[in-house]
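What Swiss-Prot says about this one:
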- 13-19, 41-43, Arg306, 332-334, 415-417: GTP binding site (BINDING)
- Asp14, Gly41: Mg(2+) binding site (BINDING)
- Asp14, Glu15, Gly16, Lys17, Asn39, Ala40, Gly41, His42, Thr130, Arg144, Gln225, Thr240, Arg304: IMP binding site (BINDING)
- Asp14: active site, proton acceptor (ACT_SITE)
- His42: active site, proton donor (ACT_SITE)
- Ala300, Thr301, Thr302, Gly303, Arg304, Lys305, Arg306: substrate binding site (BINDING)
Amino acid sequence: MGKNVVVLGTQWGDEGKGKIVDLLTEQAKYVVRYQGGHNAGHTLVIDGEKTVLHLIPSGILRDNVKCIIGNGVVVAPDALMKEINMLKGRGVPVEERLLISEACPLILPFHCALDIAREKARGNQAIGTTGRGIGPAYEDKVSRRGLRIGDLFNAELFATKLQEVMKYHNFMLTEYYKVEAVDYQQTLDDALAIADYLKSMCTDVSEMLDVARKAGEPILFEGAQGTLLDIDHGTYPFVTSSNTTAGGVATGSGFGPRHLDYVLGIMKAYTTRVGAGPFPTELANEIGDYIGEKGQEFGATTGRKRRPGWLDAVAMRRAVQINSVSGFCLTKLDVLDGLKEVKICVGYQYADGTVSKVTPLAAEGYDLVTPIYETMPGWSETTFGATTIEQLPPAAINYIKRLEELLETPIDIISTGPDRNETMILVNPFK
């Protein structure tokens, strides 16, 4: 029987999931997105050519791989079409490889307008959303007024539903946020214009995955964002609007949780965060600047500068706990090359001297803690492009071993550069 593997981020996103998914899809027959939307940014570098995907699964560049967008993903038709056209322009036969659940909620222009208006109204309390309508679209889903891809296939009914929901949202835009209303007719026309095209790619995702599983075909589930941004388990309210954890696979694709064989947690050798929110190990100094510049830490979706910091083992233990991580992939180890010392956060200390090895459950709790660091020797030698453990300097190996001890979880894959071949697979998740 084939294995079913989940690849997800264990930090605040931007861990390097896209490259690892692309690498592992060589062994998969299906690659499935199960949450998030085009707020994700997965960067692939193949033979020096860079491709950034926001909505379509990273396996789309592989022959003989079916890419699936599950029901847990919110889909902006314009963003989807832009990505499809970009890939087709590069000669990728998207229609032959991509399948979509018709239960996916739609992101429409009024969702984006609401997202932007809310962030502006929050002022200094802004969450740091991408402004792409993700949160408002999930709100509509939960409130049971949302429109789904399947609604597009009945034009008359879609028009009626759209009119009702737009009355509600345009009232909020004009009367509360004091901004312009979104045009109903334009929204309707634009959505219906691609209905037939989308219909040709729609399928019953849960049924398809069940058939594939029973046939022994390996399936890879591609997470977006990261564990610490999970709507329930992240640094609330500075979180995304979906379940970014392994539990999201079942709800976002209809694949039974008992059939998952391996959870691969992607973890950078340091930590970054983009946008607002607590970050105990943040480095607002020269070392942080060094890491940020060397790691080219700019958001793939927004281009915003990411906030760098030391690796937080306390937060990573929480990620292991929530996701039942089988093994880690450590990425961007080479970014730490040249540092005299590297630090790992091993605990949090409160003002009264109390030490905790557990993360707070809400964002406010992080204001009360100071990170406790364990300092290790750095290394001057390069790790860039290393493909065997023996090629790594002893100090880098010790750093890896210490992380395994602290997290009580093996590091099964190590990434030492952006390209596919700059990777060492110590344990193959599919074997």
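Here, residue 1 is simply the first one shown, and the rest follow in order.
Every residue, even glycine, has its Cβ placed from backbone N, Cα and C.
These numbers come from a predicted model, not from an experiment.
If you draw a 10 Å sphere around the CB of Asn39 (IMP binding site), it holds 29 other CB atoms from the protein chains shown.
Remark: of the binding-site residues Gly13, Gly16, Gly41, Gly303, the most isolated position is Gly303 (fewest other Cβ atoms within 10 Å of its Cβ). The highest number of surrounding Cβ atoms within 10 Å, among the binding-site residues Thr43, Thr130, Gln225, is found at Gln225. Rounded to a whole number, the distance between the Cα atoms of Thr416 (GTP binding site) and Arg304 (IMP binding site) is 24 Å. When secondary structure is read from DSSP and collapsed to three states, Lys19 (GTP binding site) falls in the helix class. Lys19 (GTP binding site) sits 19 Å from Arg306 (substrate binding site), taking the Cα positions as reference.
In three-state terms derived from DSSP, Leu333 (GTP binding site) belongs to a helical segment.
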